[in-house]
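**Student:** Sharing the features that TrEMBL gives for it:
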type     : residues               : note
SIGNAL   : 1-22                   : signal peptide
DISULFID : C99-C110               : disulfide bond
DOMAIN   : 176-439                : domain 'Calcineurin-like phosphoesterase'
BINDING  : D182, H184, D254, H438 : Zn(2+) 1 binding site
DISULFID : C197-C202              : disulfide bond
BINDING  : D254, N294, H402, H436 : Zn(2+) 2 binding site
DOMAIN   : 468-577                : domain 'Sphingomyelin phosphodiesterase C-terminal'
DISULFID : C561-C565              : disulfide bond
Amino acid sequence: MKEFGVLSILLLGMACVSITDGKDVLKTYKNSLQQFHESRLISEEHHQVLREIQHMQYSGELKDALLCDLCVIGADALILEWRLDMSLDAIELEAIGVCTLLGIETGEVCRGVIERNIDIFDYIIRANPDLKGERICSVILQNDGCDKTVFEWTVDIPEGETVPRKNLSNPETSFNILHISDVHYNPLYKEGKLKDCDEPLCCQYDQPDGDPDAGTACGYWSEYEKADTSEALTDETIRKAAEFEFDYVYFTGDAVAHRVWETSIENNSESMKSLFRKMKRAFKNIPIYPALGNHEPSPLNEYSIGEDLDPKISSKWLYRLITTEFSQWLPKEAKRTLMRGGFYSVSPREGLRIVVVNSNVAYIMNWWLIHDDVDPFGQLAWLAQTLKEAEDANEVVHILSHIPSGKADLLQVWSREYHRIIDRFSGTIGAQFNGHTHHDQFMVYYSSKNTSEVTSIAINGASVMPDRSNPSFKILNVDEASFDLLDTDEWTFNLTEANQNGNQTPNWYKLYSFREEYGVSSLSPPVFSEFMPKLAANHSLLYNYHILRYRNSDLAIDGGCDDSCKSNYLCEIAVSKVGDTTQCEELQKIFDRS
Ligand SMILES: *[C@@H]1O[C@H](CO)[C@@H](O)[C@H](O)[C@H]1NC(C)=O
Ligand SMILES: *[C@@H]1O[C@H](CO)[C@@H](O)[C@H](O)[C@H]1NC(C)=O
Ligand SMILES: *[C@@H]1O[C@H](CO)[C@@H](O)[C@H](O)[C@H]1NC(C)=O
Ligand SMILES: *[C@@H]1O[C@H](CO)[C@@H](O)[C@H](O)[C@H]1NC(C)=O
Ligand SMILES: *[C@@H]1O[C@H](CO)[C@@H](O)[C@H](O)[C@H]1NC(C)=O
Ligand SMILES: [Zn+2]
Ligand SMILES: [Zn+2]
């Protein structure tokens, strides 16, 4: 499911309003603004240009540089509206108008999303009198060649070499952890509604009915596309997971549904509390360690940066909620950092430390980066310090973070600094755990000193919500001495078949064991130094990766995976620092030769 980029498209829309007459952009813009003030309508002529540009964007004709330029003009125009003291209501109306006219989303969705974002824009634009459109576009279009503003800062990392990794236990002793991610719990899911609705999320109680005979009706559990996790699927997944034995639960974020036009502090709180209640009840007293997802705040993606903010735009409520909900498993210091920025560290047993990072703050759809991009909350400095303390205490660390560090959703400089920290402390880090992509993935980190050496790995918990896949969770098997991963088992069921059988318990099955599937002895990083070139050379194994990535869903099988699809997966696995493809290109050379 695509993340919501409405505002960036809107900026583009505004840009087009302003370039209608070509040459004197500002003058034209002021004219159109004037017109808009008088008529409250966007003229047919403007509308036309907007559509053309939109068409160019969708058909790929809009090249990076042009897109960036258009964005800058649009963003500057938007800022100008504020500086001209245009009322917030008028700006909001204009934005909703453009969004609806262009058919980016339905009127209701446009309104819902824009209403929820406008106060944050208002704060950021007023708090930064020198703000230029360039800065806005360099954040949101980072991956589309827009680098007019360069974000550059570094974190102080304690000097020294990383310690050697601990040896695996001998004889092997281990314990289990349940890894569950991206539930996107949607109690408003309703069987029988229309599968292919106009909104970004379908199967909602207040949407039109589908036709079961024509195959357009949403099934009992969920659907592969544009659907979240129904109450029934949530309960069933938690019930099934609770059958296993494990000592802890890692929940890597995104509790809240994609009903993004109706988020609110109340609605999101209700949803999270309800999901956590279900998990706590089913897992009894087993500690649950949550990482926040980008869907938890309202509006989605927005993690406020700054002190003493109006509660309306501040994320404090969310930190308070998580702190309260999980307080029984969190020491005082963890609660303090959770309240500061949604990150914390806790040692659940001798020798193991869990460090949870709030990577969402560095998501390029977090407008607050426009306000302040420099190590928000001092979180990365804290991470480096916390790893140093763990190193000194001879502990091993598991890092939990919603967005994988190599995912281009993250601000490049943040990703680079995170990567530097991992490089420095790799020997202390057992493994990392992510969510967000909804795919079953793993990611390798290469040493900055030796480009053949894998120094850290991250695995993705995939997702409970389908998103073209079958619903799933993972049982992680962890070595008792090194806290390296020995194996991961993924559990799933066939959604097509389950929906055909209505409310009968689905046929859960073990999709795969990592060790068996990939023929490795464990998931220790040194194992991956040897394994990666083998994977790159083995086309059939990369095809298996494709199937597992989607948990054997009919959609993925039907879609297939050709050579370019397989080769791209190598870059998904071997890019752990945004924008750095050197390692994956090496692997692709092996792929091409094989
Ligand atoms: C790990 O195992 C190796 C080889 O068996 C041994 O030489 C080394 O001392 C062990 N390291 C630790 C920290 O026990
Ligand atoms: C919360 O969700 C309910 C149910 O969909 C909806 O009617 C209500 O408008 C939502 N609240 C807000 C503030 O969006
Ligand atoms: C680099 O790492 C690889 C894989 O771990 C190892 O075989 C090789 O000896 C290392 N090279 C150096 C110079 O340390
Ligand atoms: C899933 O179930 C459907 C319906 O029974 C079946 O057609 C399909 O082949 C199954 N998929 C897999 C991967 O077994
Ligand atoms: C490639 O992977 C498959 C498993 O999918 C395995 O059976 C086969 O032996 C591997 N081939 C090579 C050359 O390693
Ligand atoms: Zn998600
Ligand atoms: Zn997410």
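Numbers here mean position along the shown chain, with the first residue as 1.
In case you wondered, yes, glycine gets a Cβ from its N, Cα and C as well.
Just so you know, TrEMBL annotations never went through curation; they're auto-generated.
A description of the local structural setting of each listed feature is requested, covering burial, neighbours and distances.
**Tutor:** Within the same chain, residues at least six positions away from H184 (Zn(2+) 1 binding site) with a Cβ under 8 Å of its Cβ are D228, T229, D254, A255, V256, A257, H258, H295, S463, V464, M465.
For C197 (disulfide bond), the same-chain residues lying six or more positions away in sequence with a CB closer than 8 A to its CB are C203, Q204, Q207, P208, K226.
For the recorded site, H402 (Zn(2+) 2 binding site), the DSSP three-state label reads coil.
Counting residues of the domain 'Sphingomyelin phosphodiesterase C-terminal' (468-577) by DSSP class, helix then strand then coil, yields 53 helix, 21 strand, 36 coil.
Every protein chain shown contributes to the tally, and the Cβ of C561 (disulfide bond) ends up with 20 other Cβ atoms within 10 Å.
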**Student:** List only the single closest residue to D182 (Zn(2+) 1 binding site), chosen from the recorded positions C202, N294, H436, C565 by CA-CA distance.
**Tutor:** H436
**Student:** Drop a 10 Å sphere on every Cβ of the disulfide-bonded residues C99, C110, C202, C565 and tell me which sphere holds the fewest other Cβ atoms.
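**Tutor:** Minimum Cβ neighbour count within 10 Å, taken over the disulfide-bonded residues C99, C110, C202, C565, occurs at C565.
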**Student:** Cβ under 6 Å from ligand 7: which of the recorded positions C99, C110, H184, C202, D254, C561 qualify?
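**Tutor:** Cβ under 6 Å from ligand 7: D254.
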**Student:** Do any residues at least six apart in sequence from H436 (Zn(2+) 2 binding site), in the same chain, have a Cβ closer than 8 Å to its Cβ, and if so which, in order?
**Tutor:** S181, D182, T252, G253, D254, G293, N294, H402, I403, P404, K407, D409, N460
**Student:** In DSSP terms, helix, strand or coil for H438 (Zn(2+) 1 binding site)?
**Tutor:** coil
**Student:** Express the distance between the Cα positions of C99 (disulfide bond) and C565 (disulfide bond) as a whole number of Å.
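**Tutor:** C99 (disulfide bond) and C565 (disulfide bond) have their Cα atoms 33 Å apart.
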**Student:** Return the single residue from the binding-site residues list (H402, H438) that has the minimum number of other CB atoms within 10 Å.
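**Tutor:** Comparing Cβ neighbour counts within 10 Å for the binding-site residues H402, H438 gives H438.
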**Student:** Would you list, in sequence order, the residues of this chain other than D254, N294, H402, H436 that have their CB within 8 A of the centroid of the site's CB atoms, where the site is the one recorded for Zn(2+) 2?
**Tutor:** D182, T252, G253, L292, G293, H295, N360, I403, G435
